[in-house]
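I have placed the structure first, in the form of structure tokens, so that the comments after it can refer back to it.
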Amino acid sequence: MSATANATLAQDHHEHDDHGHHHKETFITKYIFSQDHKMIAKQYLITGLLMGSLGILMSVLFRMQIAWPEESFVIFEWLLGDKYAPDGVMTAEAYLSLVTIHGTIMVFFVLTAGLSGTFSNFLIPLQIGARDMASGFLNMVSYWIFFISCMIMISSLFVESGPASAGWTIYPPLSALPEAIPGSGMGMTLWLISMAFFIAQSLLGSLNYIVTVINLRTKGMSMTRLPLTIWALFVTAIIGVVSFPVLLSAALMLIMDRSFGTSFFLSDIYIKGEVLAHQGGSPVLFEHLFWFLGHPEVYIVILPAMGLVSEVMASNSRKPIFGYRAMVASILAIAFLSTIVWGHHMFVSGMNPFLGSVFTFTTLLIAIPSAVKAFNWITTLWKGNLQMNTGMLWSIGFVSTFITGGLTGIILGDSTLDINVHDTYFVIAHFHLVMGISALYGFFAGVYHWFPKMYGRMMNKNLGYIHFWVTIVGAYGVFFPMHFIGLAGLPRRYYTNTAFPYFDDLADTNVLITVFAIMAATVQLVFVYNFIHSMFYGKKATQNPWNSNTLEWTTPVEPVHGNWPGEIPSVYRWSYDYSKMNEDGTDYVIPGQDFIPQDVPLQKNEEELNH
Amino acid sequence: MTVFLIIIVIALLGITLWQMSKILNLSKSHSSEDPSIATDKDNKNQGYLMLGFLIVFNIFMFYNFWEYSRFYLPEAASAHGVQFDNLMFLSLAIIMFVQVITQFLLHYFSFIYRGEKGKRAYFYADNDKLEFIWTIIPVIVLAGLIIYGLFTWSDIMNVEEDEDTIVIELYAYQFGWKARYAGEDNTLGKANVRFIEGINTVGVDESDSYAKDDKIVSELHLPVDKKVLFKMRSQDVLHSAYFPFFRAQMNVVPGMITQFGFTPTITSEEMRQTDYMVDKVKTINQIRKENSKELVANGDMALDPYEFEYYLLCNKICGISHYNMQMKIVVENEEDYKEWIAEQESFGETLAKQEEQ
């Protein structure tokens, strides 16, 4: 079925090329309700960037409150208004809302949809040699559902009782009872509806990615010749399909508890002078359901970044990725383990301590494939000919933060040690480095690397260098000291730490962290400028600016619908034949060229390697 | 110190901006140079920056440990806490060892193998032996940590209740804590939020005879070296009873009773006398004095001087005043404890008083 569809599509294009025509496309079908995966990818990218700006702005606001508690800032008055910042002093309610929505936006809207939505859509058809996604229509629908989801989430910022403020993990009963916190009223309802839409778009997208990778690979593109980007995006989609429905069920049950009087998560509650009728439910059940998605979710966030980094790093090192099979195996191992470690978020939730032991075991196991990946990336650099393009810098930065953040996972994954650092700033430091910052670095590596393919123009490298160096200094400046205030026993989500004089000597460090945060946030403007400016005035890109092997660089610079104007190229090799020597060892396989694109057949003087 | 650091950060920002404008000018004047793809010069510059970053990063990490490790909590004030700290230090040592080595390799390779025209990268796709080695090493190290951790975990979590164990109910509500001692019969009376009425604020079953001698208080007193078992109950939403100084924490869940037991080993007074705490309190009081000056200048009240007390805090987001949900804990010798508990009013007495009125 798909093969025939492809053939007709190819035919179509031939005819058009003969006449020198393009499809008749109106502005609306080309830029808005587009079914072209490249346009949809860009829509995801721009939406993700906009949501990201909002999320980062929020973090700056609440970091200012943490550093200078209850001080008056004009900017608070401007942005939060009289109700949430009377006389420019942020209220506790506003603080909790900002923290909650920052987490929600960054985890779901930026690092899930913005990252995997952008690059799955963009790279899967291009790198496997397909004309488009298996279903262009579903793909379009999935973006527009995402858009609706974003709009609902943003609209929740403007409701009278305020947006959701029970933390991004929305544990009931706090999230279920408007009596417990104002944000659990209309704001929480909108949050849940928005997430339901989000999950729908994620499922539609993921199913599409899976089907496309399985069915639409070009001739010769066996699974073992897939670039690691595709492996990562493919497995990410599978994890998404497995785990997102569970969050949907949790959200539905929460909606029922909130609005229809069921008691899935509620029991024995006395609030505002009244005993509620709910009986027999358990908040711990919600925690299980939430983290059954929530933990795989962090791998949904980080795996695409790993894939992008593997590709960018190999290409810029002019070396094959080291241990391709081990890299694939570790992606699969991480994916499998990711679904059986959720309980490490719940060591002190009141669940049976024996379960804690089991989850400690599985959690520490996941360190093994992660370690293998880190070592393999480092070895990929070894004896390379490193081209320090901006994408490459972000990739190196990714490995650095992934190691720094990942190592502290050994502490948090250990049920014993978690007892005293659970929900402290130590956790914040850990997961921001290992999934937040790392995934963002992977995202930037991807944007800088594939920008020429997306917009036909190059981004400015010098602005990219500035962006990278200030960001990496800022990010470490924020999150490295944060471990230590966590070890002092400082809990997260505290509006101010002044209620405990014991924390007074941490105040200086909190100021330092905020200053670094403002610095890192400000320098993102350089990226925004570079991105927008290069889109219109950047240097025109050549077809294969980074001398890469993957198939997307065989498409014309000016993108066409269907990706290749002629036939789809066949694939004869894996995508990592960089600096491969001929059998005599006198020169590269193709003399004078240190890369062999995937569509180049095996050469005469070339040794065939099985990877 | 902060001012100094902020000045450094601002100076760095300034340098960045200056460099930025310089680079922008350069990129304008050398229009022949490709503004988008790294040249040999870029490879060299960025390679050196990688090396520079490695050095700065190591200094920064060292500075953090040097300056901020004093933030680490004082010695554990509970029996199991000692094990906790040992495991923590062991894990931290392993982590930092791996961190320093891998970060060195990563950045050093980025520097030493920076690209040059004509240089050939080494086609090196696989090495099973190497990969086996760096799979098996984490396996062994992690196995050790897992086993150590799990033994400690089961030691901590499997609380054997014997006659000597003091059972205390910890009751959490928005936004405070109450404790209920079992009284002379050493048995807590039944309780449920449905019994809450008037002065019966924690919902004790008035008809339960075990409840009569229960004592409900808003300050925890614990005798030193006696095993305590906390039975936790929440009135409304999730809370978390976090005892940082005792390396103990457990969520408090409405609808179920959770528990955590430990043996306090250092009295409040002893803790106040430790060098660590004397220094810490001195520093804090200095900071408070500084801050007070500003407050007084604005016509506000000065901050009270700080004296160390153990505390219990809420560590699970529970609402607007989550940040100020605390209870004082006093660890004292047994006589003082007995004296204190004898002074407290029992639930039966409270009820009787109400009836009189």
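Each residue, glycine too, has its Cβ placed from N, Cα and C.
Just so you know, TrEMBL annotations never went through curation; they're auto-generated.
As annotated by TrEMBL, compositional bias 'Basic and acidic residues' applies to A:11-20.
Under the heading domain 'Cytochrome oxidase subunit I profile', TrEMBL lists A:27-572.
Residues annotated as region 'Disordered' in TrEMBL: A:1-22.
Positions annotated as transmembrane segment by TrEMBL: A:44-62 (among others).
The feature transmembrane segment is assigned by TrEMBL to A:94-124 (among others).
Marked as transmembrane segment by TrEMBL: A:136-159 (among others).
Residues or ranges marked as transmembrane segment in TrEMBL: A:190-216 (among others). Within the same chain, residues 2, 6, 104, 108-109, 112-113, 117, 120-121, 124-125, 128, 130-131, 133-135, 138-139, 141-143, 145-146, 148-150, 152-153, 155-156, 159, 163-164, 170, 226, 230, 233-234, 236-238, 240-241, 244-245, 247-248, 251-252, 254-255, 258 sit at least 6 positions outside the transmembrane segment (A:190-216) and bring their C-beta atoms closer than 8 Å to a C-beta of that stretch.
Marked as transmembrane segment by TrEMBL: A:228-256 (among others).
Residues or ranges marked as transmembrane segment in TrEMBL: A:289-310 (among others). For the transmembrane segment (A:289-310), same-chain residues at least 6 beyond its ends with a Cβ under 8 Å from one of its own Cβ atoms are 107, 111-112, 115-116, 119-120, 169-171, 227-233, 235-236, 239-240, 242-244, 246-247, 249-250, 253, 321, 327, 331, 334-335, 338-339, 341-346, 373, 377, 394-395, 398-399, 402, 431, 434-435, 438-439, 441-443, 445-446, 449.
TrEMBL lists A:322-342 (among others) with the feature transmembrane segment.
For A:354-372 (among others), the entry in TrEMBL reads transmembrane segment.
What TrEMBL lists as transmembrane segment is A:393-413 (among others).
For A:425-451 (among others), the entry in TrEMBL reads transmembrane segment.
Residues or ranges marked as transmembrane segment in TrEMBL: A:463-490 (among others).
For A:510-532 (among others), the entry in TrEMBL reads transmembrane segment. Taking Cβ pairs closer than 8 Å, the transmembrane segment (A:510-532) reaches residues 49, 53, 56-57, 59-60, 63-64, 66-68, 444, 447, 451, 459-460, 463-464, 466-467, 470-471, 473-475, 477-478, 481-482, 485, 497 in its own chain, all 6 or more past its ends.
If you look at the transmembrane segment (A:136-159), the same-chain residues 6 or more away from its ends with a CB under 8 A from one of its CBs are 33-37, 40, 43-44, 47, 51, 54, 97, 101, 104-105, 109, 113, 117, 121, 185-187, 190-191, 193-195, 197-198, 200-202, 204-205, 207-208.
Residues 390, 393-394, 397, 400-401, 404-405, 408, 420-421, 424-430, 432-433, 437, 444, 448, 497, 503, 506, 509-510, 512-513, 515-517, 519-521, 523-524, 526-527, 529-530 of the same chain lie 6 or more positions beyond the ends of the transmembrane segment (A:463-490) yet place their CB under 8 Å from a CB of it. Tertiary neighbourhood of the transmembrane segment (A:354-372): same-chain residues 323, 326, 329-331, 333-334, 337-338, 340-344, 346-347, 402, 406, 409-410, 413-415, selected by CB-CB distance under 8 Å and a gap of 6+ residues from either end. Of the Cβ pairs linking the transmembrane segment (A:425-451) with the transmembrane segment (A:228-256) and spaced 6 or more residues apart, fewer than 3 are under 8 Å, so the two regions do not touch.
Per-residue confidence over the domain 'Cytochrome oxidase subunit I profile' (A:27-572) averages out at a pLDDT of 95.
Here the transmembrane segment (A:228-256) has long-range neighbours at 116, 119-120, 123-124, 127-128, 170, 172, 175-176, 189, 192, 195-196, 199, 202-203, 205-207, 209-210, 213, 262, 264-265, 286, 289-290, 292-294, 296-297, 299-300, 303-304, 306-308, 310-311, 321, 324, 327-328, 331-332, 335, 338-339, 550, meaning same-chain residues at least 6 beyond its ends whose C-beta is under 8 angstroms from one of its own.
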